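Student: Submitted below is the structure of interest, expressed as structure tokens.
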């Protein structure tokens, strides 16, 4: 028996009516995970015993009819801390690390009686766009197992797209939720910076990182964001997002809404078929009453360069804590303190992580700080100002989530610059701290294309409103890969 084709609302109705139990739903989910895992390799840890025990306790307590998330299984990216459950960030450096606390987002999920069924694969320390930088294994795309699932939250995206779970958590530093969502044909939201607490998220770029939800549908995405959002005193960058219910505008029409289409998002480097798909999506939104107009974000072309200086510099600082002394991997052949540091970090970090640490350390070093890190911060301000100018006249921005559909395994992982450029459409959103959502908008040669909707800070309600209107009048979200039982 499987329930992976039912929405959260439908599952909740079954649970409340006691037509299924939380244990039955959890067992069915675990079976879905096991039956598909060999094909997609989405999980690093499956928490079968703990999940079943949690579900049994919930059945004994009873399902609260007002708590739509009670008993719903959830997969969690492996850089989000889970008490007593391996949290490796897909790195040899943390191969045996079990946190003694839960991330705030995980604690919030537990508080709503969600059932955590496992930890998902990712690029090591969230550095990568293909999931091939995992120290343990590459995850495969749900639609075509010869393609990448995107990164860094590729495991979380593939788990939802393949029908292993309905919902998962990821993190997004430069596109790591939206790009995998696009590549796998599902919904992925990077909320406004500060909307979801970063407490318990293993830090990569502290001014950029944000936890967010993956789902099959727009409403389910908003429902999960309701769970994990909220101000947290444990996170100094946590903000108060006044939106009480992210689902509140879903179902409202979008007539008269002004949506901008930046010419830079449809120019050089964008696959012509992806561009055609997005223009078709824009026409569809026009047919629903939205007003689509071309605008310019002139400094977005510098986004990738700015991002890789700022993110790598922050990573260089954040990853200093992994030294072989306190926890995690320690080199066995070290004979003194200096060797412990050098050999542990040389052996424990993967090539991409070491590349970014070196890049960041260089950017912060004496004599180069002004030329690189300071200048990157100044251009970041210009990128923010570009967005502010557009949002003075428009409700949202739309464009492709990624310049191409999912590419083949072992094609870009030896070309770091090409891999970095794959994030050129998502990175500016992180630099500006804005919310961005990717939704399925079509297919190119059998692979999903993602439509990205970007709004001003704290506009998640409006983004979900437009996304839901698009979803309700198209069937892209209903199409499923073969592994999920679909015909594609």
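Backbone N, Cα and C atoms are what each Cβ position is placed from, and that goes for glycine too.
Sharing the record's features from Swiss-Prot:
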type	residues	note
ACT_SITE	77	active site, charge relay system
ACT_SITE	152	active site, charge relay system
ACT_SITE	176	active site, acyl-ester intermediate
Student: How big is the Cα-to-Cα gap, in Å, between residue 152 (active site, charge relay system) and residue 176 (active site, acyl-ester intermediate)?
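Tutor: Approximately 5 Å lies between the Cα of residue 152 (active site, charge relay system) and that of residue 176 (active site, acyl-ester intermediate).
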Student: Including all protein chains displayed, how many Cβ atoms other than that of residue 152 (active site, charge relay system) lie within 10 Å of its Cβ?
Tutor: 34
Student: In angstrom units, rounded to an integer, how far apart are the Cα atoms of residue 77 (active site, charge relay system) and residue 176 (active site, acyl-ester intermediate)?
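Tutor: Residue 176 (active site, acyl-ester intermediate) has its Cα 11 Å from the Cα of residue 77 (active site, charge relay system).
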Student: Taking the Cβ of each of the active-site residues and counting other Cβ atoms inside 10 Å, which one has the highest number: 77, 176?
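Tutor: Comparing the active-site residues 77, 176, the most crowded Cβ belongs to 176.
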Student: Using DSSP reduced to three states, classify residue 152 (active site, charge relay system) as helix, strand or coil.
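Tutor: In the DSSP reduction, residue 152 (active site, charge relay system) maps to coil.
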Student: What kind of secondary structure is the residue listed as 'active site, acyl-ester intermediate' part of, going by DSSP in three states?
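Tutor: Reduced to three states, the DSSP call for the residue listed as 'active site, acyl-ester intermediate' is coil.
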